[in-house]
Amino acid sequence: MAKPSPSPRATPFLLATVLSIAAAGAAAASGTEARWYSPVSSFVSEQLYTSLFLHKDDAACPARGFYTYASFIRATARFPRFGATGCVDARKREVAAFLAQISHETTGGWATAPDGPYAWGLCYKEEINPQSSYCDATDKQWPCYPGKSYHGRGPIQISWNFNYGPAGRALGFDGLRNPEVVANCSDIAFQTALWFWMTPRDTKPSCHQVMVGEYRPSPADVAANRTAGFGLVTNIVNGGLECNRAGDARVNNRIGFYRRYCQVLGVDVGPNLDCEHQQPF
């Protein structure tokens, strides 16, 4: 993912998210069944999930056996607003957008792949041959731990110390000293992806806010043509590398996954699918 603003914005929404995570943790400690309830499971069954990710457990996929439906649902239960905000169409569209983004980030597909290029999401759980340790040494709030690499891991390929640190604090693990847990624990892997999805930053809305109609563009956003839709989510995730350019293959791949998932869920894709004319954040 491209470098975002260094720290989460302290908003009522962020506070509510942290409190909901804490409540879920307390429920887990009490052993109650309610802790696993997720509204997402009402329209994404295990059978449907398996059909969306037909090849995730193939021998050719390094993440085989890792991204289970149970881990996905347990993670969504910790973020009760995910897939539960707005009308049914808005809820489905948000889930489709999330699954499309993580599919692109972890895809093992190619143009002539069996069952098509959009059946190979969740094939990888860790960046292959990272070119750096993704350490921003100028970030004093989330300092890098010696010898640790903050390269892409998990469904959203969370990267950089300034993402691992706050994600770990919110979710209950040491993201700076133990970033490897994101590629070793499937529950935490999905939780980091959803944390990124739900958390606004200083200069960025959250992906969730964009997909459920809560995004309110600032004058700077308007001037940069950052209009709501799936394309703006791509801008949030990796706009510095993919947006404000014509015909980017990565953007088109994300859109291909999104179209497929929206079709399966029976919902239209909405406006502004690409970020070709958007300035990155």
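Glycine is treated like the rest: Cβ placed from N, Cα and C.
Automatic, uncurated: that is what TrEMBL annotation is.
As annotated by TrEMBL, signal peptide applies to 1-28. Look at TrEMBL and you will find 61-83, 188-198 tagged as domain 'Glycoside hydrolase family 19 catalytic'. Summarising the annotation, TrEMBL assigns disulfide bond to Cys61-Cys123, Cys135-Cys144, Cys243-Cys275. Annotation source TrEMBL lists active site, proton donor at Glu105.
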| query | For Cys135 (disulfide bond), which residues of its chain lie six or more apart in sequence with Cβ-Cβ distance below 8 Å? | reply | Cys144, Lys148, Ser149, Tyr150, Trp160, Asn161
| message | Please give me the CB contact count at 10 A for Cys144 (disulfide bond), counting all chains in the structure. | response | 21
| said: Given a Cβ distance threshold of under 8 angstroms, which distant residues of the chain, six or more beyond its ends, lie next to the domain 'Glycoside hydrolase family 19 catalytic' (61-83)? | reply: 16-17, 20-21, 24, 35-41, 43-44, 46, 49-50, 53, 55, 91-92, 94-95, 98, 106, 108, 120, 122-126, 155, 171, 186-187, 189-191, 193-195, 197-198, 208
| remark: Smallest Cα-Cα separation from Cys243 (disulfide bond) among the recorded positions Cys61, Glu105, Cys123 is shown by Glu105
| query | Should any of the recorded positions Cys61, Glu105, Cys123 have a Cα within 10 Å of the Cα of Cys275 (disulfide bond), which are they? | reply | none
| task | Provide, as an integer number of angstrom, the distance between the C-alpha atoms of Cys123 (disulfide bond) and the residue listed as 'active site, proton donor'. | result | 9
| query | Hey, how far is Cys61 (disulfide bond) from the residue listed as 'active site, proton donor', Cα to Cα, in Å? | reply | 14
| Fewest-neighbour residue among disulfide-bonded residues, criterion Cβ within 10 Å, set Cys123, Cys243, Cys275 | Cys123
| request: Please list, for the domain 'Glycoside hydrolase family 19 catalytic' (61-83), how many residues fall into helix, strand and coil according to DSSP. | output: 9 helix, 0 strand, 14 coil
| task | Report the DSSP secondary-structure composition of the domain 'Glycoside hydrolase family 19 catalytic' (188-198) as helix, strand and coil residue counts. | result | 11 helix, 0 strand, 0 coil
| Long-range same-chain neighbours of Glu105 (active site, proton donor), Cβ under 8 Å, sequence gap at least 6? | Gly152, Pro155, Ile156, Gln157, Val237
